[in-house]
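Copied from TrEMBL, the annotated features are:
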- 300-334: compositional bias 'Polar residues' (COMPBIAS)
- 3-126: domain 'Ig-like' (DOMAIN)
- 130-241: domain 'Ig-like' (DOMAIN)
- 291-334: region 'Disordered' (REGION)
- 1-21: signal peptide (SIGNAL)
- 263-285: transmembrane segment (TRANSMEM)
Amino acid sequence: MAPHLLLVLRILFFLTGVSDTQSVSTVSHVSVKQGGSITIPCLHNQSYRNHVKYWCRGYNWFGCSTVVRTDYPKTSGKTSISDDINQRVFTVTMTRLSPSDSDYYWCIVERKSKADDGVRLQISVTPGTPELYVDQQQMTGVVGGSVTVLCYYSSQGSTGGWCRMGGSRVAVGHSRVLDGTFVKLVQEESRTTNGYVLMVTMSGLMMENTGWYWCEKGDIQMPVHITVNQPTTTQSTTTISPSVTNRDNVVTNENTDEKHQSWLEFLFIPLSLLVVLIAVTLVTLKMLRKHKDKKAKDQPANTTVQSSDSEQNITYSTVSHTRGTAQQVKTSSF
């Protein structure tokens, strides 16, 4: 699109306000510490998933200066842009921020047939403690588990809350179900800072809870991305408390363990008897061998020789019976 024509369309859009401004949404104001970084998510509707998106700096749309684009350039100096068409979110990351980066910026979707669509936000860079900040913008949880986000702020006066980008909101001091997940917000004094902390706990996580959220205090927000993964074996036994949806699985695992234990007890007795029988047999065989060896050792060594000599000295004699002759002599005497 020609630069002059694009400028005219931007001016006409700004004056008439005919664009569907709800098609693109983001935070309205973030506070960042000098030297730090910030990632800004820009949510858009499904019809924009294949459009070019860009990040523009300046208070007015028709006069803003393009910094990065999803086609080119994707990176410029300290700023980069990426597009997740499946989640319908493009994100802009700014690093090594300085007070000179404090300004108004725009999340914009380029449209060829009519004026571009976008939304404006403000970034404030401070050398001191930001008005609202988190330890990290990326958090990870597992299905059925929980995740806790700590949002730090300096004053207690204004109301706070937790929002899903493009979704519902939970206020401080309340608990409710947000997109199928139980959310609880607790506000208390911070032990590490001079301000306060908003503790956001999401429990019973589901895969559908993956996405961008933000904690807010007054007119300032801080984006936080939560990624929900399937649990591994180690995670499911150490970090995830059984929820209503997976208690049946826990009971099933316990019953399986009991069955395995019963089988082991059933096999233990015959196996023990078999081991004892083998041991007794081996001992008996060993004792018999010792007894046989001892008996053979006690016999005379020359027994066989003597038998041979005796056979050589034997004298054989012929014995004749004369019983019949004696009878004849006796008869003749009468």
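Heads up, residue numbers simply count up from 1 along the chain you see.
Placed from the backbone N, Cα and C atoms, the Cβ positions cover glycine too.
Residue counts for the domain 'Ig-like' (3-126) under DSSP, split into helix (H, G, I), strand (E, B) and coil, are 26 helix, 55 strand, 43 coil. Taking H, G and I as helix, E and B as strand and the rest as coil, DSSP gives the domain 'Ig-like' (130-241) the counts 9 helix, 62 strand, 41 coil.
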